[in-house]
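Taking it in order: structure first as structure tokens, then the write-up.
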Amino acid sequence: MNPFPRAEISSSALQTNLAALRQQAPASRVMAVVKANGYGHGLLNVANCLVSADGFGLARLDEALELRAGGVTARLLLLEGFFRATDLPLLVGHDIDTVVHHSSQLEMLEQTVLSKPVTVWLKVDSGMHRLGFTPEQFSTVYDRLMACSNVAKPIHLMTHFACADEPDNTYTSVQMAAFNTLTAGLPGFRTLANSAGALYWPQSQGDWIRPGIALYGVSPVTGDCGANHGLVPAMELVSQLIAVRDHKANQPVGYGCFWTAKQDTRLGVVAIGYGDGYPRNAPEGTPVWVNGRRVPIVGRVSMDMLTVDLGQDAQDKVGDSALLWGKALPVEEVAEHIGTIAYELVTKLTPRVAVCLA
């Protein structure tokens, strides 16, 4: 077996997760969010596995064009919209929807000559204060879009939650109320719910939900696990032991002699490091799954390798598999040890890691 790390992507897990989310929001269509290379799972891999999704959400135009070139015919939505007037003919030519969240985009729509109108999702800033038009701006912007011949009718409406991943935080209710009041009586689709909205705020589900991380089997909520919602990890990040060595008590290991053994033990060296996207700041004790058990990282993660304490009586050998995260070792647990979020772990894998459908 190739000793280098690989991300094995389960098509059945992706399909299971889509079905679970449909069950959570039976009245809603699903806009599967596949930005950032399908959250590190491979853009076309994910889209081809999720052919039954009603649409796909993306961050960048090149992602949408890659899906169209790959034969994807479903609705595509640019969640950050377009950035240049020259993008607009590409949206028209490839039948790509766009979010409009800024006055510069509105002006480009008004000033560009297009062969047919573009489908627009007008983004309301209901309280996240990142992208979108404020309630005070909304009516004027909506009227201008309605008057613009380059905009298909009806105009669809959306917002994004700041704190939906905190189920006890009432700010999500405040945002929902603001959005619903502002858009009451208007035609078009409505979409509010991201993964956390779909799982924890059913009243936010609307016409479309926009799940991202949950599609990949991961909970959006710190301290929670996707399995609690019927989700299955879609990624198994796997490498192997490239060395197993006896190690004496009171001897250090790794750069900076950061860790010293308290007793005689056996160490395993795993072929993965920060050059592959595994975080350098993973602290001592971060778990790795080897031969049916958790073993702790010891010493510093280096560019190509990390070291684990296999234990004094370990029988592990060179070539044995090491799971960095996956079904047996949830990525949420690893992220909590490292002090980050699962989103960051799965999206930061570098091109050295082979991504393959398993």
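Think of each number as a place in line: the chain as shown, counted from 1.
Every residue, even glycine, has its Cβ placed from backbone N, Cα and C.
Keep in mind that what you see is a predicted model, and the values were worked out from it rather than measured.
Listed in sequence order, the residues of the same chain lying 6 or more apart from LYS35 (active site, proton acceptor) and placing their CB within less than 8 Å of its CB are GLY57, LEU58, ALA59, ARG60, GLU63, LEU79, GLY212. The feature active site, proton acceptor is assigned by Swiss-Prot to LYS35 (among others).
Sequence-distant contacts (6 or more apart, same chain, Cβ under 8 Å) of TYR255 (active site, proton acceptor) comprise GLY299, ARG300, SER302. In three-state terms derived from DSSP, TYR255 (active site, proton acceptor) belongs to a helical segment. Annotation source Swiss-Prot lists active site, proton acceptor at TYR255 (among others).
According to DSSP, ARG130 (substrate binding site) is assigned to coil rather than to any helix or strand. Per Swiss-Prot, the feature substrate binding site maps to ARG130, MET303; the stated evidence is sequence analysis.
Sequence annotations record features per position, and here Swiss-Prot assigns N6-(pyridoxal phosphate)lysine to LYS35.
Look at LYS35 (active site, proton acceptor): DSSP puts it in a helix.
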